[in-house]
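Taken straight from Swiss-Prot:
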SIGNAL    1-27  signal peptide
DOMAIN    37-65  domain '4Fe-4S ferredoxin-type 1'
BINDING   Cys46, Cys49, Cys52, Cys172  [4Fe-4S] cluster 1 binding site
BINDING   Cys56, Cys152, Cys155, Cys168  [4Fe-4S] cluster 2 binding site
DOMAIN    83-114  domain '4Fe-4S ferredoxin-type 2'
BINDING   Cys92, Cys95, Cys100, Cys135  [4Fe-4S] cluster 3 binding site
BINDING   Cys104, Cys125, Cys128, Cys131  [4Fe-4S] cluster 4 binding site
DOMAIN    116-145  domain '4Fe-4S ferredoxin-type 3'
Amino acid sequence: MTWSRRQFLTGVGVLAAVSGTAGRVVAKTLNINGVRYGMVHDESLCIGCTACMDACREVNKVPEGVSRLTIIRSEPQGEFPDVKYRFFRKSCQHCDHAPCVDVCPTGASFRDAASGIVDVNPDLCVGCQYCIAACPYRVRFIHPVTKTADKCDFCRKTNLQAGKLPACVEACPTKALTFGNLDDPNSEISQLLRQKPTYRYKLALGTKPKLYRVPFKYGEVSQ
């Protein structure tokens, strides 16, 4: 983990410098040159313990009743006693071509060009819910306290600012999550993508999601 942390620390150094600033200022001052963050969820390693969900809620102060991250369990696969479950991560895909960004009338939903992270500026959000309707992955919600759109931001305002990995990655006991710079061929995530077969959910939509998945069974691709 130390090696992978070092791979992306250069990309989050600026984030630490702007800790505590308002969302609008953060969006304008980020300068993470050459970084395009992505994540891999290895379904063959995920055990559905939901430690990632708990860590996300705690670190990002997500109220009960809503969630930035959900682990969905499939129907039983196989026959007793060899029954297995597939666990599917439902969260923001941080699309390069994000429909939520395209429909936002105020510019509150944006894709940070320097890091690739899709985020929401709460100072600009008017709660119109256009982005929620446009997202084909159904991962956005209205925050019950701020009344603005919310979702996974790869812990951009919390762990990344502190030079840490996203909370879900740090909490996973089976190392089913890998996070890093997709544009760095030597990063842990780039090496993993070369080594294992992966798929991306609803890729045919042309959104270019940056959440990759190692399938539950090799050769099995879910759409």
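Just so it is clear, glycine is given a Cβ too, placed from its N, Cα and C backbone atoms.
Model, not experiment: these values are computed from the prediction.
Sequence features, as recorded in Swiss-Prot, placed on the structure.
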{"residue": "Cys52", "record": "[4Fe-4S] cluster 1 binding site", "DSSP (3 states)": "helix"}
{"residue": "Cys92", "record": "[4Fe-4S] cluster 3 binding site", "DSSP (3 states)": "coil"}
{"residue": "Cys100", "record": "[4Fe-4S] cluster 3 binding site", "DSSP (3 states)": "helix"}
{"residue": "Cys125", "record": "[4Fe-4S] cluster 4 binding site", "DSSP (3 states)": "coil"}
{"residue": "Cys131", "record": "[4Fe-4S] cluster 4 binding site", "DSSP (3 states)": "helix"}
{"residue": "Cys152", "record": "[4Fe-4S] cluster 2 binding site", "DSSP (3 states)": "coil"}
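Highlighted in sequence order, Ile47, Gly48, Thr50, Ala51, Ile71, Phe87, Cys168, Ala171, Pro173, Thr174, Ala176, Leu177 have their Cβ within 8 Å of the centre of the Cβ atoms of Cys46, Cys49, Cys52, Cys172, the residues recorded for [4Fe-4S] cluster 1, and are not part of that set. Least packed by the Cβ count within 10 Å, out of the binding-site residues Cys95, Cys128, is Cys128. For the binding-site residues listed here (Cys49, Cys92, Cys125, Cys152), the lowest count of other CB atoms within 10 A around the CB belongs to Cys49.
When the binding-site residues Cys92, Cys95, Cys104, Cys131, Cys135 are ranked by how far their Cα is from the Cα of Cys172 ([4Fe-4S] cluster 1 binding site), Cys92 comes first. In terms of Cα distance, none of the binding-site residues chosen from Cys46, Cys52, Cys56, Cys155, Cys168 sits within 10 Å of Cys100 ([4Fe-4S] cluster 3 binding site). Computed over the domain '4Fe-4S ferredoxin-type 2' (83-114), the whole-number mean pLDDT of the model equals 94. According to DSSP, Cys172 ([4Fe-4S] cluster 1 binding site) is assigned to coil rather than to any helix or strand. The binding-site residues shown are Cys131, Cys135, Cys152; of these, the one with its CA atom nearest the CA of Cys46 ([4Fe-4S] cluster 1 binding site) is Cys152.
One way to see the shell of the [4Fe-4S] cluster 4 site is to take the Cβ centroid of Cys104, Cys125, Cys128, Cys131; the remaining same-chain residues with a Cβ within 8 Å of it are Cys100, Val103, Pro105, Thr106, Ala108, Ser109, Val120, Val126, Gly127, Gln129, Tyr130, Ile132, Ala149. Between the binding-site residues Cys46, Cys52, the minimum number of other C-beta atoms within 10 Å of a residue's C-beta occurs at Cys46. With respect to their backbone Cα atoms, Cys125 ([4Fe-4S] cluster 4 binding site) and Cys92 ([4Fe-4S] cluster 3 binding site) stand 18 Å from each other. Figure note: comparing Cβ neighbours within 10 Å for the binding-site residues Cys131, Cys135, Cys168, the maximum is reached by Cys168.
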